[in-house]
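TrEMBL lists Thr33, Gly34, Ser35, Thr36, Asp89, Gly90, Ala91, Asp92, Lys102, Gly103, Gly104, Gly105, Lys129 with the feature substrate binding site. Marked as active site, proton acceptor by TrEMBL: Glu111.
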Amino acid sequence: MAGELSPIDKAKFVAAKRAAQFVEDGMRVGLGTGSTAAWLVRCLGEMVRDEGLRIKGVPTSTRTAQLAREVGIEVISLDEAKWLDLTIDGADEFDGELNLIKGGGGALLQEKIVATASDQMVVIADIGKEVETLGAFPLPIEVIPFGWQTTQALVEETLISMDVLGRTSTLRMNGEVPFITDEGNYIMDLHLNRIGNPRQLSLVINQMPGVVENGLFIDICDAVIIGFGDGRFEVRDINEGTVDRDRVDFVESDNVFSDLTD
Ligand SMILES: O=C[C@H](O)[C@H](O)[C@H](O)COP(=O)(O)O
């Protein structure tokens, strides 16, 4: 059955499966958004169902909230939780300092709020997300719809003056209409190619009126779990480097895996 998943999906599953081991009974857990985080939510649902794991989950999007409820995870709001033990989420890119680009699925705002409210943030990603320098993946920024073209012009002008705008910025679309985030905002994708100083860029972008948040996660991620298509994983800690390397055995496991491939 494992053969029916593509290597990239296997890599995502492997990272999620290993990350689920970070979750302990009684924890308040931030649940990320995206295809990799969805594997994690399913793995946790299986642990709730089969092992009696008791957790409270704070989802980072309506999509994740729906999936979490479907698999039997108790869902609470961030304000109910107030503070989280752990957030596990995917990423679009991560570099050697575990800085991230996120927001490929448009959930960056809630994701950043939730990750920042957590004792620990663990990123799960397939090996294809590792980069030397952030920026090949377009950087998403969330902007309010009012005057978005004016905001776009201001962003472009500022980035050109900083010499970082590679090509252009584009409004993310959902077919013929703008993509709308869970908070009712738009997403603008900045095609930068290379972000030399992500910390500075993040600060500058967030200064601009109309910008709500950007997809650079600087000094937020504590560890990344990298999955490979052949079942291997590597756990890389921000302070200690690689702390674990092993593989997930597809044969013995996994209801959650076989449920999805049946
Ligand atoms: O807005 C979406 C999130 O930041 C995702 O975590 C990110 O885009 C990675 O998604 P995926 O796991 O589907 O590659």
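The backbone N, Cα and C atoms fix where each Cβ goes, glycine too.
Annotations in TrEMBL come from automatic prediction, not curation.
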Tell me the coarse DSSP state (helix, strand, coil) of Ser35 (substrate binding site). helix
Can you list which of these binding-site residues (Lys102, Gly104, Lys129) have a Cβ closer than 6 Å to ligand 1? Lys102, Gly104
Residues within 8 Å of the Thr33, Gly34, Ser35, Thr36, Asp89, Gly90, Ala91, Asp92, Lys102, Gly103, Gly104, Gly105, Lys129 Cβ centre (excluding the substrate site residues themselves): Gly32, Ala37, Ala107, Glu111, Ala125
Among the binding-site residues listed here, Lys102, Lys129, which has the most company in the form of other Cβ atoms within 10 Å of its Cβ? Lys102
Smallest number of other CB atoms within 10 Å: among the binding-site residues Thr33, Ser35, that is Ser35
Given the recorded positions Asp89, Ala91, Gly104, Glu111, the candidate whose Cβ has the fewest other Cβ atoms within 10 Å is Gly104
Cα-Cα distance linking Glu111 (active site, proton acceptor) and Asp89 (substrate binding site), given in Å to the nearest integer: 8
